[in-house]
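Asks: Before I ask anything, here is the structure I am working with.
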């Protein structure tokens with residue numbers, strides 16, 4: 001029996017509050033990136049039936065319940081969220097929820113050019129674009145032969161025109177795969193107002209072939225960049241920010257580093273994730289989720305009570321104990337959880 005915590009502050013077993021919700025609106029993707037959804041493991045026709053995904057009504061109720069227990073930051077993920085039909089309609093509904101201070105979306109950018117204006121008009125405030133290479137052939141290869149860098153760059157340009165003037169650009173760096181793209185990416189985005197962030201290759205899921213030797217640490221990346229463009233550390237924007245921020249000494253913006261492997265940040269993790277079919281994951285490295293649909297059927301208040309109970313027993317800190325523990329269960333794939 002889970003405790004009744006309806007009147008208590010929303011904290012897990014380590015005193016961590018819940019402030020950030022990553023909400024997957026679709027599990028399907030038009031790319032097949034090797035570290036997430038490799039083509040040899042995930043067929044092109046993979047995906048849930050539409051009626052298995054949470055409806056817009058369910059998603060709105062779910063977000064309202066999360067806001068009731070403390071969430072202020074909402075990020076829509078996938079899969080590729082721009083594949084979700086009528087997404088701007090959903091965004092308009094979510095943007096109207098009182099208490100949501102930040103509404104963002106993560107995309108591979110291939111479909112962004114045609115949707116950027118509608119997303120902005122609907123109330124989306126920020127966009128993060130995943131981009132692991134600038135070189136066209138390598139980009140195509142890393143996306144499983146599905147993506148073209150020109151499409152993504154066009155999407156970024158369209159987002160700028162629509163009023164998204166400060167995008168985040170995420171790059172997952174893998175040794176001997178795309179580490180030679182780090183400096184070209186920095187050179188491309190310096191001075192644009194966008195924030196490039198380098199993410200250590202993580203052991204999320206079980207089909208990406210992760211091994212420690214493939215990780216290029218943030219410290220190594222920072223040293224390479226600093227040797228070309230001197231950097232100075234910046235303070236975090238808020239408690240729980242995952243990226244270590246550094247400013248270019250010449251004033252041409254900043255770059256970030258997400259160091260889940262080499263410098264775990266579990267102690268400040270304030271995030272929950274919900275999959276497109278309504279399962280709650282309290283850690284990106286989870287081996288199982290919790291189906292929220294029964295509680296969701298009880299309405300906003302019933303779900304909020306359930307979330308308080310679930311969060312109160314959260315004790316996840318996988319990245320901190322990665323080296324000293326072995327997984328007993330197969331981890332859930334990142335494209336199902338929603339990175």
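Each Cβ is built from the backbone N, Cα and C atoms, and glycine gets one as well.
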Asks: Given Swiss-Prot annotates 22, 75, 168, 271, 272, 273 as GTP-binding, which of 61, 106, 192 belongs to that site as well?
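Replies: Looking through 61, 106, 192, the residue Swiss-Prot assigns to the GTP site is 106.
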Asks: If you measure residue 266 ([4Fe-4S] cluster 2 binding site) to residue 272 (GTP binding site) at Cα, how many Å is it?
Replies: 12
Asks: Of the binding-site residues 29, 35, 36, 79, 202, which one has its Cα closest to the Cα of residue 273 (GTP binding site)?
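Replies: Nearest by Cα distance to residue 273 (GTP binding site): 79.
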Asks: Output the one of 202, 269, 283 that, of all these binding-site residues, has the highest number of other Cβ atoms within 10 Å of its Cβ.
Replies: 269
Asks: Where the distance is taken from Cα to Cα, which of the binding-site residues 29, 106, 272 turns out closest to residue 130 (S-adenosyl-L-methionine binding site)?
Replies: 106
Asks: Please classify the secondary structure at residue 130 (S-adenosyl-L-methionine binding site) using three-state DSSP.
Replies: strand
Asks: Could you check what DSSP calls residue 202 (S-adenosyl-L-methionine binding site) once collapsed to helix, strand or coil?
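Replies: Looking at the DSSP assignment, residue 202 (S-adenosyl-L-methionine binding site) belongs to neither helix nor strand, so coil.
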Asks: Which whole-number value in Å describes the distance between the Cα atoms of residue 36 ([4Fe-4S] cluster 1 binding site) and residue 272 (GTP binding site)?
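Replies: About 19 Å separates the two Cα atoms.
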